[in-house]
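Here's what Swiss-Prot has on this protein:
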type	residues	note
TRANSMEM	21-41	transmembrane segment
TRANSMEM	70-90	transmembrane segment
TRANSMEM	97-117	transmembrane segment
TRANSMEM	134-154	transmembrane segment
TRANSMEM	168-188	transmembrane segment
TRANSMEM	199-219	transmembrane segment
TRANSMEM	236-256	transmembrane segment
TRANSMEM	263-283	transmembrane segment
TRANSMEM	288-308	transmembrane segment
TRANSMEM	338-358	transmembrane segment
Amino acid sequence: MLLILANWLEHYFDVFRVFHYLTLRGILGILTALVISFIVGPPMIRYLGSYKIGQTIRDDGPQSHLSKAGTPTMGGALILVTITVSTLLWSDLGNRYVWAVLLVTLAYGLIGFVDDYKKLVLKNSKGLAARYKYLWQSVFGLGAALFLYHTASSPQETQFIVPFFKQVVLNMGWLYVPLVYFVVVGSSNAVNLTDGLDGLAILPTVLVAGGLAIFAYASGHSEFSEYLGIPYLPKAGELVVFCGALVGAGLGFLWFNTYPAQVFMGDIGALALGAALGMVAVLVRQEIVLMIMGGIFVMETVSVMLQVLSFKLTGRRIFRMAPIHHHFELKGWPEPRVIVRFWIISVILVLIGLATLKLR
């Protein structure tokens, strides 16, 4: 939006040409999202608290969590508002990548909102039935996949990139559609499973978004992409602005979500953020890198799958409780220790993911 204004003003004032630089707009996206979070966050938290939109706690969970009951949730709405406003202000609104990732993020946020609203406002303990939740996730995920497949303007947009190896690419053809579907839906649910402790999911999300922003910038630059051996995707660079908005919104939310949390994001935030990461990863053709950088999300998801499978086959549980962060709590780890150690692991994994740019 402001880029359109800058394009007009540059005809009269040369200084406005600086807004063509992605790095500047990415930084402004971060700062704008942060400022909005700090301004809107406190009144939104008070509003959620005044309407008793508070978190419910599992009786069979760690006893330390009982004190969290009633903490305002659905704070993911703050994240979505800040991402949307910042992205619309600083991105090129003629870029289909920007609209694709933003609309999918909001669509998954809508699914999460309905689930949270049913549980917290209508007091329906089951929320949105699982079959309907996965149905709508599938509808939006498949819709995004078909849109990207049919609007792809070059073979590079639908290739599967194998990191650590030079020039190892697979032309996916129509298999690109199920790939995008599984990455977006899987990433959405993985982040949702991770969102069980104060700040546990949001900082890894911020770190992964920052890492993907670097891939987006390199992919959108012909010289960098050729030098690094990654596909050249002219439209991908604009995703730097979206990722910047996500980073700023995430850091702004963490200000209120850090231990002890003043607000939780709820499904409205977790489902949306996971879908956003999945969309950016498929748009810059780095699905495997997403699994590396988002290894915390993968670990949490696998722990749930193993727990369910083991219990169904043997009647025994592998972990004291799943997802695995609860296992460590029940082993006696204080919640802040679990959170910070998972954060440290996430930093390491993001660095490994970034290393794939050169280790080929």
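Quick reminder: no glycine exception, Cβ is built from N, Cα and C everywhere.
Highlighted: of the candidate stretches 70-90, 97-117, 168-188, 199-219, 236-256, 97-117 has the greatest count of Cβ pairs under 8 Å to the transmembrane segment (263-283). Within the same chain, the transmembrane segment (168-188) stays apart from the transmembrane segment (70-90): fewer than three Cβ pairs sit under 8 Å, each pair at least 6 residues apart. Beyond the ends of the transmembrane segment (288-308), by six or more residues, the same chain brings 161-163, 183, 186-187, 189-191, 193-194, 201, 204, 207-208, 211-212, 215, 274, 277-278, 281, 317-319, 322-325, 327, 342, 345-346, 349-350, 352-354, 356 to within a C-beta distance below 8 angstroms of the stretch. Proximity of the transmembrane segment (199-219) to the transmembrane segment (338-358) is established through 3 or more Cβ-Cβ distances under 8 Å for residue pairs spaced 6 or more apart. Counted over residue pairs 6 or more apart, the CB atoms of the transmembrane segment (21-41) and the transmembrane segment (97-117) come under 8 Å in fewer than three pairs, which marks the two as apart.
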